[in-house]
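A short write-up of the structure that comes next.
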Amino acid sequence: MRNFNMDVLRGIAVLGLMFMNIYTFAVFEYDYTPSATPPVSDSLIYTINTVFIDGRFRSLFCLLFGASLVIQWQLWQSVEKQHKRLKVLACIGLAHGFLLWAGDILFIYACAGWLTLKFSQQDDEKILRMGILFLLLGAFISFLLSFIEPEFSPVTRSSESFLMAYDAAYSSYFAGFVSNFLMFIIMLIAVPLITMWMAAGLMLVGVYLYKQGVFVQGLTHSQLKLIVPIAISLTALRLLIDSNQSVFMYAIVEPINWLAALAMAICYCHVIVKIVKNASSNWLLLQQAGRMSLTLYLMQTVIFILFFKVAYPTAALNFDRLDYWLVIAFVLVFQLFFCKVYSQYFTHGPCELIWRKLSR
């Protein structure tokens, strides 16, 4: 029986990724860069991002990816077939990263998925231990690497460093391509150092949650009593930390945010599972989005590139956080409309169909 809860969760995750990713389509290496006098809405949206969005949907996607690896194993009983799917996903990710956007997650997921498969058939407690170990390993390496040339001086859209990066990315389409190409090489270097371990850790936690029935029934009362205080405490700690205060504070921000994001993502799973109740008629539009998450993810890249690089290249110099959110709102409505219309005629998304055919 298909898990409709997971379809809805995947739909929420892929649409939620836009709230994290959109800033990097403007100037990749600087994420969101405020004006010299940012509006009040910037502070409000920053707080909402930190509490509910930053890393949360990425973590949710990893949990679901790990759970899907177990489902595929139960369906096929073949690691070789899973490896082939991951190889194809890695190739799609490399093409996506080098040719379009350096923030690609598909290659990372393929590498982390391969590592996850090594442990996915172990007993539940070992799976959880390995997941936590990988998370802590990635967090520790991230902590250490943050001591290398930490950046404390605040950057605004009028800063020389930002304007130089903008010119490098926007002086011509070829310059933008070269800038993205180089950024993706840096991202690939980070895969064996940090991101693969963090993603594999999250996926193994997803495997554990699936085997515990969390994606069907939600968390138990005792699990809920444990995870909610952790999510609140780590998120509050993240809000209190000023990364510009010291080198240590700068280094500790990202590891804490990763762990807070995991706890919040698990809470999201519980809430959505309890609402959807695995009914095929509940939240149908988000189910459809979840079933074509790869298509929507790649579509977001194309839309944002066309908007920021072609239609409105000065957006990086003018947009505040609220402006970015307005763009997201438009794309979100468009993608949900696309899902509704497309699903009336086809069962699988176009990119999902290509992935499936190449994996045979």
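The backbone N, Cα and C atoms fix where each Cβ goes, glycine too.
Predicted automatically and left uncurated, TrEMBL annotations should be read as such.
Annotation source TrEMBL lists domain 'DUF418' at 209-359.
As annotated by TrEMBL, transmembrane segment applies to 12-30 (among others).
As annotated by TrEMBL, transmembrane segment applies to 57-76 (among others).
If you look up TrEMBL, you'll see 88-115 (among others) marked as transmembrane segment. Residues 21, 24-25, 28, 58, 61-62, 65-66, 69, 82, 134, 177, 180-181, 183-184, 186-188, 191, 195-196, 199-200, 202-203, 294, 297-298, 301-302, 304-305, 351, 355, 358-359 of the same chain, all 6+ positions outside the transmembrane segment (88-115), place their C-beta atoms under 8 angstroms from a C-beta of that stretch.
What TrEMBL records for 127-148 (among others) is transmembrane segment.
Residues or ranges marked as transmembrane segment in TrEMBL: 184-210 (among others). With a cut-off of 8 Å between Cβ atoms, the residues of this chain six or more beyond the transmembrane segment (184-210) that come close are 59, 62-67, 69-71, 97-98, 102-104, 107-109, 111-113, 115-116, 119-120, 124, 127-128, 130-139, 141-142, 145, 258, 262, 266, 269.
Per TrEMBL, the feature transmembrane segment maps to 222-241 (among others). Long-range Cβ contacts of the transmembrane segment (222-241) within its own chain (Cβ-Cβ under 8 Å, at least 6 residues beyond either end) map to 47, 50-51, 212, 214, 249, 252-253, 256-257, 259-260, 263-264, 266-267, 270.
Under the heading transmembrane segment, TrEMBL lists 247-273 (among others).
Summarising the annotation, TrEMBL assigns transmembrane segment to 294-312 (among others).
Same-chain residues lying 6 or more positions outside the transmembrane segment (324-343) and placing a CB less than 8 Å from one of its CB atoms are 15, 18-19, 22-23, 32, 45, 285, 288-289, 291-292, 296, 299-300, 303-304, 307, 349. Look at TrEMBL and you will find 324-343 (among others) tagged as transmembrane segment.
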Among the ranges 12-30, 57-76, 127-148, 247-273, the one whose Cβ pairs under 8 Å to the transmembrane segment (294-312) are most numerous: 12-30
PLDDT averaged over the residues of the domain 'DUF418' (209-359): 95
